[in-house]
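Below is one structure, written out as C-alpha coordinates; the observations come after it.
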Amino acid sequence: MNGTEGPYFYIPMVNTTGIVRSPYEYPQYYLVNPAAYAALGAYMFLLILLGFPINFLTLYVTIEHKKLRTPLNYILLNLAVANLFMVFGGFTTTMYTSMHGYFVLGRLGCNLEGFFATLGGEIALWSLVVLAVERWMVVCKPISNFRFGENHAIMGLAFTWVMASACAVPPLVGWSRYIPEGMQCSCGIDYYTRAEGFNNESFVIYMFVCHFLIPLVVVFFCYGRLLCAVKEAAAAQQESETTQRAEREVSRMVVIMVVAFLICWCPYAGVAWYIFTHQGSEFGPLFMTFPAFFAKSSSIYNPMIYICMNKQFRHCMITTLCCGKNPFEEEEGASTTSKTEASSVSSSSVSPA
(Lines of atoms letter the chains of each structure in order from A; the text may use other names.)
(Lines give C-alpha, C1' and ligand atoms only; values in the text may rest on other atoms or scores of the structure.)
Protein backbone atom coordinates (compact mmCIF):
# COMPACT_ATOMS: atom_id res chain seq x y z
CA MET A 1 0.00 0.00 0.00
CA ASN A 2 1.34 3.42 -0.98
CA GLY A 3 -0.25 5.23 1.93
CA THR A 4 -0.73 5.19 5.69
CA GLU A 5 -4.07 4.09 7.14
CA GLY A 6 -5.02 4.97 10.69
CA PRO A 7 -8.14 5.34 12.82
CA TYR A 8 -10.54 7.38 10.66
CA PHE A 9 -7.92 8.65 8.21
CA TYR A 10 -5.85 7.69 5.19
CA ILE A 11 -2.77 9.70 4.21
CA PRO A 12 -1.32 9.17 0.71
CA MET A 13 2.24 8.73 1.97
CA VAL A 14 4.04 5.63 3.22
CA ASN A 15 5.27 6.14 6.78
CA THR A 16 8.78 4.80 6.16
CA THR A 17 10.46 7.76 7.84
CA GLY A 18 8.02 8.03 10.72
CA ILE A 19 6.90 11.56 9.88
CA VAL A 20 3.27 10.73 9.07
CA ARG A 21 0.95 11.92 11.83
CA SER A 22 -2.80 11.95 12.45
CA PRO A 23 -4.49 14.74 10.44
CA TYR A 24 -6.69 15.43 13.47
CA GLU A 25 -3.75 16.24 15.74
CA TYR A 26 -0.73 17.47 13.77
CA PRO A 27 -0.05 19.88 10.87
CA GLN A 28 0.40 18.05 7.59
CA TYR A 29 3.14 20.27 6.18
CA TYR A 30 5.19 17.20 5.25
CA LEU A 31 2.65 16.53 2.48
CA VAL A 32 2.90 19.88 0.69
CA ASN A 33 4.49 23.27 1.28
CA PRO A 34 2.79 25.36 4.01
CA ALA A 35 2.18 28.03 1.36
CA ALA A 36 -0.24 25.62 -0.33
CA TYR A 37 -2.40 25.58 2.81
CA ALA A 38 -2.37 29.37 2.90
CA ALA A 39 -3.41 29.46 -0.76
CA LEU A 40 -6.19 26.98 -0.04
CA GLY A 41 -7.43 29.12 2.84
CA ALA A 42 -7.43 32.19 0.58
CA TYR A 43 -9.36 30.28 -2.09
CA MET A 44 -12.00 29.22 0.44
CA PHE A 45 -12.27 32.81 1.69
CA LEU A 46 -12.89 33.91 -1.91
CA LEU A 47 -15.65 31.31 -2.31
CA ILE A 48 -17.27 32.51 0.92
CA LEU A 49 -16.90 36.14 -0.15
CA LEU A 50 -18.67 35.41 -3.45
CA GLY A 51 -20.91 32.49 -2.53
CA PHE A 52 -22.74 33.96 0.45
CA PRO A 53 -23.81 37.33 -1.04
CA ILE A 54 -24.88 35.96 -4.41
CA ASN A 55 -26.92 33.08 -2.98
CA PHE A 56 -28.42 35.18 -0.20
CA LEU A 57 -29.31 37.86 -2.75
CA THR A 58 -31.02 35.23 -4.91
CA LEU A 59 -33.20 34.22 -1.95
CA TYR A 60 -33.90 37.77 -0.81
CA VAL A 61 -34.80 39.17 -4.24
CA THR A 62 -37.18 36.29 -4.95
CA ILE A 63 -38.92 36.70 -1.59
CA GLU A 64 -39.06 40.48 -2.02
CA HIS A 65 -40.64 40.42 -5.50
CA LYS A 66 -43.90 38.52 -5.76
CA LYS A 67 -43.70 38.13 -9.54
CA LEU A 68 -40.60 35.97 -9.10
CA ARG A 69 -42.38 33.49 -6.83
CA THR A 70 -43.21 31.00 -9.56
CA PRO A 71 -43.23 27.22 -9.04
CA LEU A 72 -40.12 26.60 -11.14
CA ASN A 73 -38.25 29.30 -9.26
CA TYR A 74 -38.82 27.29 -6.07
CA ILE A 75 -36.40 24.71 -7.44
CA LEU A 76 -33.88 27.40 -8.33
CA LEU A 77 -34.19 28.78 -4.80
CA ASN A 78 -33.55 25.27 -3.53
CA LEU A 79 -30.19 25.43 -5.27
CA ALA A 80 -29.40 28.68 -3.47
CA VAL A 81 -30.29 27.13 -0.10
CA ALA A 82 -28.08 24.12 -0.86
CA ASN A 83 -25.23 26.45 -1.78
CA LEU A 84 -25.61 28.34 1.51
CA PHE A 85 -25.41 25.02 3.35
CA MET A 86 -22.11 24.40 1.59
CA VAL A 87 -20.85 27.90 2.37
CA PHE A 88 -21.64 27.82 6.08
CA GLY A 89 -21.20 24.13 6.81
CA GLY A 90 -18.30 23.38 4.50
CA PHE A 91 -16.36 26.39 3.27
CA THR A 92 -15.96 28.11 6.64
CA THR A 93 -14.76 24.84 8.19
CA THR A 94 -12.26 24.18 5.41
CA MET A 95 -10.91 27.73 5.53
CA TYR A 96 -10.36 27.41 9.27
CA THR A 97 -8.66 24.01 9.06
CA SER A 98 -6.45 24.99 6.12
CA MET A 99 -5.18 27.95 8.15
CA HIS A 100 -3.98 25.42 10.75
CA GLY A 101 -2.60 22.93 8.22
CA TYR A 102 -4.66 19.99 9.48
CA PHE A 103 -8.21 19.07 10.47
CA VAL A 104 -8.06 20.79 13.83
CA LEU A 105 -11.82 20.34 14.45
CA GLY A 106 -11.50 16.59 14.96
CA ARG A 107 -13.85 13.77 14.02
CA LEU A 108 -17.05 15.72 14.73
CA GLY A 109 -15.94 18.60 12.54
CA CYS A 110 -14.93 16.19 9.79
CA ASN A 111 -18.36 14.55 9.86
CA LEU A 112 -20.13 17.91 9.71
CA GLU A 113 -17.97 19.27 6.89
CA GLY A 114 -18.27 16.08 4.85
CA PHE A 115 -22.01 15.93 5.46
CA PHE A 116 -22.72 19.51 4.38
CA ALA A 117 -20.50 19.24 1.30
CA THR A 118 -22.16 15.99 0.21
CA LEU A 119 -25.66 17.24 1.01
CA GLY A 120 -25.18 20.48 -0.92
CA GLY A 121 -23.74 18.74 -3.97
CA GLU A 122 -26.51 16.13 -4.01
CA ILE A 123 -29.30 18.69 -3.58
CA ALA A 124 -27.86 20.56 -6.56
CA LEU A 125 -27.77 17.38 -8.66
CA TRP A 126 -31.30 16.26 -7.79
CA SER A 127 -32.61 19.81 -8.29
CA LEU A 128 -31.23 19.66 -11.83
CA VAL A 129 -33.04 16.34 -12.26
CA VAL A 130 -36.33 17.96 -11.19
CA LEU A 131 -35.71 20.89 -13.55
CA ALA A 132 -34.97 18.49 -16.41
CA VAL A 133 -38.14 16.48 -15.76
CA GLU A 134 -40.16 19.70 -15.54
CA ARG A 135 -38.78 20.87 -18.90
CA TRP A 136 -39.58 17.49 -20.45
CA MET A 137 -43.14 17.48 -19.05
CA VAL A 138 -43.84 21.06 -20.12
CA VAL A 139 -42.23 21.07 -23.56
CA CYS A 140 -42.69 17.46 -24.70
CA LYS A 141 -46.14 17.11 -23.10
CA PRO A 142 -46.16 13.36 -22.36
CA ILE A 143 -49.19 14.21 -20.21
CA SER A 144 -51.78 16.37 -21.97
CA ASN A 145 -52.39 19.84 -20.54
CA PHE A 146 -49.78 19.38 -17.81
CA ARG A 147 -48.97 22.56 -15.93
CA PHE A 148 -46.11 22.68 -13.43
CA GLY A 149 -47.78 24.09 -10.35
CA GLU A 150 -46.94 24.90 -6.75
CA ASN A 151 -47.76 21.40 -5.49
CA HIS A 152 -45.42 19.87 -8.07
CA ALA A 153 -42.67 22.27 -7.00
CA ILE A 154 -43.12 21.39 -3.33
CA MET A 155 -43.01 17.68 -4.12
CA GLY A 156 -39.88 18.30 -6.18
CA LEU A 157 -38.24 20.13 -3.28
CA ALA A 158 -39.07 17.32 -0.86
CA PHE A 159 -37.73 14.78 -3.35
CA THR A 160 -34.37 16.56 -3.66
CA TRP A 161 -33.86 16.66 0.11
CA VAL A 162 -34.88 13.03 0.61
CA MET A 163 -32.52 11.81 -2.11
CA ALA A 164 -29.65 14.04 -0.96
CA SER A 165 -30.09 12.85 2.62
CA ALA A 166 -30.08 9.24 1.41
CA CYS A 167 -26.53 9.88 0.21
CA ALA A 168 -25.18 12.21 2.92
CA VAL A 169 -26.57 10.56 6.07
CA PRO A 170 -25.34 6.90 5.80
CA PRO A 171 -21.66 7.76 6.43
CA LEU A 172 -22.74 9.36 9.71
CA VAL A 173 -24.37 6.15 10.92
CA GLY A 174 -21.81 3.56 9.92
CA TRP A 175 -22.33 2.80 6.24
CA SER A 176 -18.99 4.15 4.99
CA ARG A 177 -17.54 7.20 6.76
CA TYR A 178 -16.21 10.71 6.24
CA ILE A 179 -12.42 11.08 6.46
CA PRO A 180 -9.92 13.84 5.63
CA GLU A 181 -8.82 13.79 2.00
CA GLY A 182 -6.27 15.45 -0.23
CA MET A 183 -4.22 17.83 1.88
CA GLN A 184 -6.11 16.53 4.94
CA CYS A 185 -8.00 19.74 5.73
CA SER A 186 -11.34 18.87 4.14
CA CYS A 187 -13.43 15.72 4.44
CA GLY A 188 -15.26 13.45 2.04
CA ILE A 189 -16.48 9.90 1.55
CA ASP A 190 -13.91 7.18 2.24
CA TYR A 191 -12.99 6.00 -1.26
CA TYR A 192 -9.52 5.11 -0.06
CA THR A 193 -9.81 2.11 2.26
CA ARG A 194 -11.71 -1.09 2.87
CA ALA A 195 -11.92 -0.41 6.58
CA GLU A 196 -13.51 -3.31 8.40
CA GLY A 197 -17.07 -2.75 9.58
CA PHE A 198 -17.87 0.24 7.34
CA ASN A 199 -18.80 -1.53 4.06
CA ASN A 200 -17.14 1.21 2.03
CA GLU A 201 -17.28 -0.81 -1.18
CA SER A 202 -21.05 -1.26 -1.20
CA PHE A 203 -21.69 2.37 -0.27
CA VAL A 204 -19.42 3.80 -2.97
CA ILE A 205 -21.07 1.61 -5.62
CA TYR A 206 -24.52 2.59 -4.32
CA MET A 207 -23.57 6.28 -4.37
CA PHE A 208 -22.13 6.23 -7.88
CA VAL A 209 -25.05 4.28 -9.35
CA CYS A 210 -28.01 5.81 -7.49
CA HIS A 211 -26.71 9.31 -6.81
CA PHE A 212 -24.62 10.05 -9.88
CA LEU A 213 -25.22 7.80 -12.89
CA ILE A 214 -29.02 7.41 -12.64
CA PRO A 215 -29.62 11.18 -12.18
CA LEU A 216 -27.40 11.90 -15.19
CA VAL A 217 -29.21 9.30 -17.31
CA VAL A 218 -32.55 10.93 -16.42
CA VAL A 219 -31.20 14.39 -17.24
CA PHE A 220 -29.77 13.32 -20.60
CA PHE A 221 -32.97 11.46 -21.50
CA CYS A 222 -35.14 14.48 -20.71
CA TYR A 223 -33.00 16.88 -22.69
CA GLY A 224 -32.64 14.48 -25.59
CA ARG A 225 -36.42 14.32 -25.85
CA LEU A 226 -36.69 18.07 -25.28
CA LEU A 227 -34.37 18.93 -28.17
CA CYS A 228 -36.38 16.70 -30.50
CA ALA A 229 -39.65 18.26 -29.36
CA VAL A 230 -38.38 21.82 -29.82
CA LYS A 231 -37.27 21.05 -33.38
CA GLU A 232 -40.57 19.36 -34.21
CA ALA A 233 -42.61 22.23 -32.77
CA ALA A 234 -40.56 24.79 -34.69
CA ALA A 235 -41.00 22.85 -37.93
CA ALA A 236 -44.74 22.37 -37.44
CA GLN A 237 -45.35 25.84 -35.95
CA GLN A 238 -47.61 24.20 -33.36
CA GLU A 239 -47.22 27.07 -30.92
CA SER A 240 -46.81 30.81 -31.24
CA GLU A 241 -43.33 32.17 -31.77
CA THR A 242 -43.52 33.93 -28.39
CA THR A 243 -44.27 30.69 -26.56
CA GLN A 244 -41.58 28.78 -28.44
CA ARG A 245 -39.01 31.45 -27.68
CA ALA A 246 -39.91 31.47 -23.98
CA GLU A 247 -39.66 27.69 -23.72
CA ARG A 248 -36.38 27.58 -25.62
CA GLU A 249 -34.77 30.19 -23.43
CA VAL A 250 -35.84 28.61 -20.14
CA SER A 251 -34.58 25.27 -21.44
CA ARG A 252 -31.29 26.86 -22.52
CA MET A 253 -30.74 28.26 -19.03
CA VAL A 254 -31.31 24.87 -17.39
CA VAL A 255 -29.10 23.08 -19.93
CA ILE A 256 -26.25 25.49 -19.15
CA MET A 257 -26.72 24.76 -15.44
CA VAL A 258 -26.42 21.03 -16.16
CA VAL A 259 -23.29 21.51 -18.28
CA ALA A 260 -21.72 23.68 -15.56
CA PHE A 261 -22.52 21.00 -12.97
CA LEU A 262 -20.82 18.35 -15.10
CA ILE A 263 -17.74 20.52 -15.61
CA CYS A 264 -17.43 21.10 -11.85
CA TRP A 265 -18.26 17.64 -10.51
CA CYS A 266 -17.15 15.11 -13.15
CA PRO A 267 -13.41 15.57 -12.43
CA TYR A 268 -14.06 14.90 -8.72
CA ALA A 269 -16.26 11.89 -9.48
CA GLY A 270 -13.69 10.53 -11.93
CA VAL A 271 -10.78 10.85 -9.50
CA ALA A 272 -12.84 9.37 -6.66
CA TRP A 273 -13.79 6.36 -8.79
CA TYR A 274 -10.17 5.89 -9.86
CA ILE A 275 -8.99 5.92 -6.24
CA PHE A 276 -11.76 3.49 -5.26
CA THR A 277 -10.90 1.03 -8.04
CA HIS A 278 -7.12 1.39 -7.53
CA GLN A 279 -6.91 1.30 -3.75
CA GLY A 280 -3.31 1.04 -2.61
CA SER A 281 -1.93 2.67 -5.76
CA GLU A 282 0.39 5.62 -5.53
CA PHE A 283 -1.00 9.15 -5.78
CA GLY A 284 -0.13 12.46 -4.17
CA PRO A 285 -2.22 14.68 -1.88
CA LEU A 286 -2.92 17.13 -4.69
CA PHE A 287 -4.45 14.41 -6.86
CA MET A 288 -7.76 14.69 -4.99
CA THR A 289 -7.32 18.24 -3.70
CA PHE A 290 -7.60 19.99 -7.07
CA PRO A 291 -10.86 18.34 -8.28
CA ALA A 292 -12.41 18.47 -4.79
CA PHE A 293 -11.91 22.20 -4.41
CA PHE A 294 -12.77 22.92 -8.03
CA ALA A 295 -16.12 21.21 -7.38
CA LYS A 296 -16.77 23.58 -4.48
CA SER A 297 -16.96 26.47 -6.96
CA SER A 298 -20.38 25.07 -7.95
CA SER A 299 -21.88 27.18 -5.16
CA ILE A 300 -21.27 30.28 -7.29
CA TYR A 301 -22.11 29.39 -10.87
CA ASN A 302 -25.83 28.50 -10.59
CA PRO A 303 -26.97 31.89 -9.25
CA MET A 304 -24.60 33.57 -11.71
CA ILE A 305 -26.19 31.69 -14.60
CA TYR A 306 -29.67 32.54 -13.34
CA ILE A 307 -28.83 36.24 -12.95
CA CYS A 308 -27.12 36.46 -16.34
CA MET A 309 -29.84 34.62 -18.28
CA ASN A 310 -33.00 35.86 -16.57
CA LYS A 311 -33.61 39.54 -17.35
CA GLN A 312 -36.69 39.75 -15.15
CA PHE A 313 -34.73 38.51 -12.15
CA ARG A 314 -31.85 40.82 -13.04
CA HIS A 315 -34.24 43.78 -13.22
CA CYS A 316 -35.66 42.92 -9.79
CA MET A 317 -32.18 42.46 -8.34
CA ILE A 318 -30.98 45.85 -9.61
CA THR A 319 -34.15 47.47 -8.26
CA THR A 320 -33.54 45.90 -4.85
CA LEU A 321 -29.88 46.92 -4.73
CA CYS A 322 -30.65 50.48 -5.89
CA CYS A 323 -33.38 51.10 -3.29
CA GLY A 324 -36.32 50.68 -5.63
CA LYS A 325 -34.86 52.38 -8.70
CA ASN A 326 -33.29 50.84 -11.78
CA PRO A 327 -30.73 53.09 -13.52
CA PHE A 328 -31.10 50.89 -16.61
CA GLU A 329 -34.90 51.12 -16.48
CA GLU A 330 -35.50 51.68 -20.18
CA GLU A 331 -33.61 48.72 -21.61
CA GLU A 332 -34.16 46.38 -18.66
CA GLY A 333 -37.81 47.33 -18.37
CA ALA A 334 -38.47 46.66 -22.04
CA SER A 335 -36.81 43.27 -21.80
CA THR A 336 -38.64 42.44 -18.61
CA THR A 337 -42.00 43.33 -20.13
CA SER A 338 -41.43 41.19 -23.17
CA LYS A 339 -40.23 38.29 -21.09
CA THR A 340 -43.14 38.54 -18.69
CA GLU A 341 -45.53 38.50 -21.62
CA ALA A 342 -43.74 35.47 -22.99
CA SER A 343 -44.07 33.85 -19.61
CA SER A 344 -47.83 34.40 -19.49
CA VAL A 345 -48.35 32.20 -22.52
CA SER A 346 -45.64 29.73 -21.54
CA SER A 347 -46.98 26.63 -19.87
CA SER A 348 -44.08 26.74 -17.42
CA SER A 349 -45.02 30.18 -16.06
CA VAL A 350 -41.36 31.18 -15.92
CA SER A 351 -39.94 34.39 -17.28
CA PRO A 352 -36.68 33.45 -18.96
CA ALA A 353 -34.02 35.58 -20.48
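Cβ atoms are placed via backbone N, Cα and C, with glycine included.
Per Swiss-Prot, C187 makes its disulfide bond with C110 among C110, C264, C266, C308. Swiss-Prot assigns I19 and G324 to opposite sides of the membrane. Note: the CA-CA distance between C110 (disulfide bond) and C323 (S-palmitoyl cysteine) rounds to 42 Å.
Comparing the disulfide-bonded residues C110, C187 by how many other C-beta atoms lie within 10 angstroms of each C-beta, the top residue is C187.
N15 (N-linked glycosylation site) is 9 Å away from N2 (N-linked glycosylation site) when you measure Cα to Cα. Proximity of distant same-chain residues to the transmembrane segment (287-308), defined by a Cβ-Cβ separation under 8 Å and at least 6 residues beyond the stretch ends, is recorded for 12, 40, 43-44, 47, 50-51, 54-55, 57-58, 76, 79-80, 83, 86-87, 90-91, 94, 117, 120-121, 124, 181-183, 186, 188, 253, 256-257, 260-261, 264-265, 267-268, 270-272, 275, 314, 317, 353. Taking Cα separation as the measure, K296 (N6-(retinylidene)lysine) is nearest to N200 of the recorded positions N200, C322, C323.
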